[in-house]
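Quick notes on the structure that follows.
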């Protein structure tokens, strides 16, 4: 019962302060959050300040190696095949990358989870239709679907988000449905039924909070997948169109030079890895912070350090 | 000093948890001789299983740590042995059976294979092992053992699975059998059979039996000596009958007093007027399985009706049908003259308030992600008419006090409470609706005896205060005897007997009721001894 005493003793500080101290308690998650914050800043402000650098070609500085400051600090990460500074390009590309990845992940998870909740909770034939629809999407090669859709539509950021979102919906749909089927049979859901709770209340107050951590975890993993899928679309020439750039596109543009200029693909690749890693760490922290039965781990550690 | 078969001396075990070091057992000493039955009696969290886990090398280290003590098996210290030596002893010389046999039998192998494997891992040739497995299954009373050898665990009933576990444990002719709550998950009649089997096998093989239990009745039935544990320490030990008759330690006294089934039974009350709730001709089938076969039941205002029966008798299905958690196939449920089953969802919503339920396992029936305040106040969020939002806080505090908790506990989450406290929260939640009838589905069976007594007293007090009616579903007859006005006995989806509690307990008419009563264990070892003698005599007469 010691943990209960700790909890009751820590209630004075505000909710925001409590969340911050829980984040501080998990150092990895704290730095992950910091990194994501920086990426977010780059995405919002980057194109505003560095767009001119990012598109300026400098044929004398083609494939300039990294850590060489003779061309100026902007070339610290080296330059690409047209002599454009990689640092500026990565910062500027953050916006498109984040837009596509976050948009696709958000759209597919919201739609997929909503459909999954219906498919899992409702016993009507609508549930069957939703599942078969998911099967159809899954059985259709996602890249082929993307090619067809983008061939017919304009390859813009919005359309790429749309295509990627559609192909990722079944992941959330199936996971959500499976979890709902299990949670629905739990005793506390029946207890709510006995109290006369409406379906809406049961779904949003009792079922969704239990399955949310799973969905968040899948979403963060999917983030990386979507970034790479977007780059393969770009590679096929139906994704983001130059001069617009994304990290994925930079990776695939650097591919032919891998043997003599590794940095072309390495830095944007590193950006992708660090972003998804940070998201993973943060989602892991969030899972613990959202679970009342686990939360003490963060609160205990926070106390020791603070 | 005479050498004991197994002796535990000054054993202390700690567990390192994030909340600090927990001393699971402290300076525990006991011994077990050949042919003897020792019971370790204690409630959950008393550390009664820890010493057995230490013997079987089942303590995870870390976080566990044995800080002091020795375990002598045939005079040798097991804690000083190599892992190899201990594996040779585990299973072969000291065997163990567990509470839940389904969790301990591998579902993808046939039981015959599993029993045989037990012997082959300890070096027996396969053919010999097979023959012996067959013998064992015959011995523990599995019908048609040749066929049963090739069946999978799920194809057996709970009692048969426990018999299979026993067969497996006995495969290598162990010197000691450790049984950790072997009958807790079983029905009373099956429990009696399993305990009898254990007794017989002990007589045949002369093994020492170490029984870990929370049930005084089990101790009375089978144990020679008893060790009573409370929060990691032995508070009392000695001859089972002696300890029961003459408990020295206050905790033992409290435990014996809390054992249900001793109170005065209420006199029969006249049943006049219209029943609060009645079910007429309820039928329910699950596929080919007929769970309810035309059940009629009536509950008067302010009355407690107990439904007793073993697992599969349809008693929970009845409760679920009455609350419309599962719609029955046919029949009527009349609440104050109106048929619940014919109501639209809108009409039913208004009546939900009056009919509430307390579930068996409060760990599962309380949403783990809601605070106590949210759990209790949800009733008022669903039914806006009961209480204005401004008064929620105050009322939650009142209800918590009413069920014996503290008002400042409202901000906590369910996992921060003990099992008994959680059940109190569940009761407070049901009371928030101001119901007329509470259906208790095995509401106290998951609780420790002393907590059980407290919860029963709480329910009884609430009945007096608010004039509540209860539909009390239970398999535990002594609890029913203390609490109910009327008893309904169910078997295979039918009511076999019904009547006032005194009539059922003093003059049971149906043979099944009599069998149930005979199988339920009395905490008094002398009464149990007398019953055993009577049973043996009967069997003797049958044979003659």
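Each residue, glycine too, has its Cβ placed from N, Cα and C.
Of the listed segments A:52-69, A:70-87, TrEMBL assigns transmembrane segment to A:70-87. It is A:261-282, from the ranges A:261-282, A:283-304, that TrEMBL records as transmembrane segment. Looking at the stretches A:5-27, A:28-50, the one that TrEMBL records under the feature transmembrane segment is A:28-50. Looking at A:142-167, A:168-193, the stretch flagged in TrEMBL as transmembrane segment turns out to be A:142-167. Beyond its flanks by at least six residues, the transmembrane segment (A:207-229) meets 97, 100-102, 104-105, 108-109, 113, 117, 121, 142, 146, 164, 167-168, 171-172, 175-176, 179-180, 183-184, 189, 246-248, 272-273, 275-276, 279-280, 282-284, 286-287, 290-291 of its own chain at Cβ-Cβ distances under 8 Å.
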